[in-house]
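Peer 1: Pasting the feature list from Swiss-Prot:
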ACT_SITE  115  active site, proton donor/acceptor
BINDING   7, 66, 115  Mg(2+) binding site
DOMAIN    4-119  domain 'VOC'
């Protein structure tokens, strides 16, 4: 039986650069660092970085796959400034209805996509129930 997410692992090309990103941008606490790995605690979530130097990374740019973090509206504005000050690659956001709340998409040094999002699953479901009549809801 599944009990929850155990950890999330990202393949990185430069461990030092990635450690700096995860500490400075995501405010993750570095727990251990090896020659080719690092582990972080991000508000109780175990984040693992493993160095893989010679793998293709172009497909990352072609996918919408990402990890999203919940933030407040006030924090989103501050976090955008942090991203800008640290020369983080900010992605153009997709067009969205204001009922879908606010988001800011960006990448880590290896192109993994992240999102700061001000909404909740409940917000999203309520919006979809109002506006997306083609959808089937099971709750």
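Glycine is treated like the rest: Cβ placed from N, Cα and C.
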Peer 1: Which whole-number value in Å describes the distance between the Cα atoms of residue 7 (Mg(2+) binding site) and the residue listed as 'active site, proton donor/acceptor'?
Peer 2: 18
Peer 1: Return only the integer: C-alpha distance in Å from residue 115 (active site, proton donor/acceptor) to residue 66 (Mg(2+) binding site).
Peer 2: 7
Peer 1: Across the domain 'VOC' (4-119), what is the average pLDDT of the model, as a whole number?
Peer 2: 91
Peer 1: Can you tell me whether DSSP puts residue 66 (Mg(2+) binding site) in helix, strand or coil?
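Peer 2: Residue 66 (Mg(2+) binding site) sits in coil per DSSP, no helix or strand.
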Peer 1: Please determine which of the binding-site residues listed here (7, 66) has the lowest count of neighbouring CB atoms within 10 Å.
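Peer 2: Looking at the binding-site residues 7, 66, the Cβ with the fewest others within 10 Å is that of 7.
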Peer 1: Can you check what DSSP calls residue 115 (active site, proton donor/acceptor), collapsed to helix, strand or coil?
Peer 2: strand
